[in-house]
């Protein structure tokens with residue numbers, strides 16, 4: 001989960017706002033709509049989790065939900081160039097998150113003895129969230145000094161990426177969303193396939 005938090009903080013918690021503003025000529029309206037949709041998506045996901053019986057394979061619930069969020073949310077957010085597409089991406093990204101949290105908590109409560117849950121949860125939170133500030137700091141640096149300048153170059157890779165994300169201000173940050181979408185989805189599936197993690201379900 002630490003890796004997933006790292007990828008999400010590289011983009012959503014960090015460069016989403018400047019990317020939207022850069023690609024909409026500073027439209028606060030666009031940013032407000034997309035931010036609101038992200039919140040609504042999380043609420044919808046939470047409601048579904050609370051009223052619907054979830055699958056028994058909690059690891060599948062965690063990692064497939066995370067992979068869905070990265071694959072369809074991040075990729076669409078990066079490739080999108082209109083408010084409508086970004087709103088769809090926001091829904092795709094945010095609705096699965098409560099499923100990730102629910103599956104994780106079920107495994108923790110079922111596998112950790114009650115008398116140790118306080119300590120174990122504290123350690124889990126420390127490990128899980130320690131990558132958040134790293135992602136936030138690194139995300140801004142990568143956007144300003146790597147991806148944005150790269151997308152302004154005449155590099156053949158940049159020119160091909162422009163066919164997907166467009167060009168101009170914010171295109172470098174859009175490519176970052178493509179990267180986190182692919183890396184986050186692949187990481188989620190690899191962790192799900194890990195035999196040591198699979199033992200938690202057994």
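Each Cβ is built from the backbone N, Cα and C atoms, and glycine gets one as well.
As recorded in TrEMBL, the features of this protein are as follows:
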{"type": "TRANSMEM", "residues": "29-49", "note": "transmembrane segment"}
{"type": "TRANSMEM", "residues": "83-100", "note": "transmembrane segment"}
{"type": "TRANSMEM", "residues": "121-147", "note": "transmembrane segment"}
{"type": "TRANSMEM", "residues": "167-192", "note": "transmembrane segment"}
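Under 8 Å from some Cβ of the transmembrane segment (29-49) lie the Cβ atoms of residues 12, 16-17, 20-21, 83, 86-87, 90-99, 102, all in the same chain and six or more residues away from its ends. With a threshold of 8 Å between CB atoms, the same-chain residues lying at least 6 positions outside the transmembrane segment (83-100) that come near it are 4, 12, 20, 24, 30, 33-34, 37-42, 44-46, 48-49, 54, 61-62, 65-66, 68-70, 72-74, 76-77.
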